[in-house]
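Novice: Please see the structure below; I have some questions.
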Amino acid sequence: MAVKTYKPYTPSRRFMSNLSSSDITGKASVKSLLIKLPVSAGRNNNGRITSRHKEGGAKKFYRIIDFKRNKFNIQGKVAAIEYDPYRNCRIALIHYVDGEKRYIIQPSGLKVGDVVFSASSGLDIKTGFAMKLKSMPIGTIVHNIEMHPGAGGALARSAGTSAQIMGREGKYIILRMPSGEMRYILEECMATIGVVGNEDFANISIGKAGRNRHRGIRPQTRGSAMNPVDHPHGGGEGKTGSSGHPVSPWGTPAKGFKTRKKKASDKLIISRKKK
């Protein structure tokens, strides 16, 4: 998919780029698979800001995606490739032979007219097919991976991402995650074969503030531009550097400080992600 640039007829357009929509074939979304999500805009039930730099953004409908891929042994055909405003990859509309329609994340290379299947075992290693990890050979590239059997895919779902099966050990499969982390996943978990499409998403440049406002992202004020009451970096006469190490507004170190809580699932991580 090509990255589209624009003529610099305004300064904001000079470095702006976007993805070509030539791969989108769907004319209209399936209404039964659309819902309207409430917009919190970073506020809690008291109306107070709990997550900064968020707003409503452009109006959009959420597409109900089949992350579980649990329609076993029924053939489906790709009817359309569509844009999804809630994610950075494309989605594929699947028409099953029994009449049901579902959306799935579009793997790279999946096009209109292709056939997809889901089964617990016994399928060919083909892009878009979904099965349990225990049925896939070592070296298979997968995405939309479950962390708990039957819970639906949670790992490797964004544009251009994938994981690779590196080995087996007892009831676990060893996966190399997109970050480089090596971890165990139960062999009963489902996954979809292939790499998530829209790989060029990482190459686009937002270019102007208005596009981020449409995405629901508000401007971020530097701590050094605030008063001491508002931020540890605030205050001083004129432009002054902060004393000590950079911290968040609440005093947590901002550079390299680990904030991840310990979990029981830490034992399933073989090696941490690459530095």
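A Cβ is built for glycine as well, from the same backbone N, Cα and C atoms used for every other residue.
Okay, these came from Swiss-Prot:
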{"type": "COMPBIAS", "residues": "257-275", "note": "compositional bias 'Basic residues'"}
{"type": "REGION", "residues": "210-275", "note": "region 'Disordered'"}
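Walk me through the surroundings of each of these features.
Specialist: Residues 172, 174, 177, 179-185 of the same chain sit 6 or more residues outside the compositional bias 'Basic residues' (257-275) yet have a Cβ under 8 Å from a Cβ within it.
According to DSSP, the secondary structure content of the region 'Disordered' (210-275) in residues is 13 helix, 6 strand, 47 coil.
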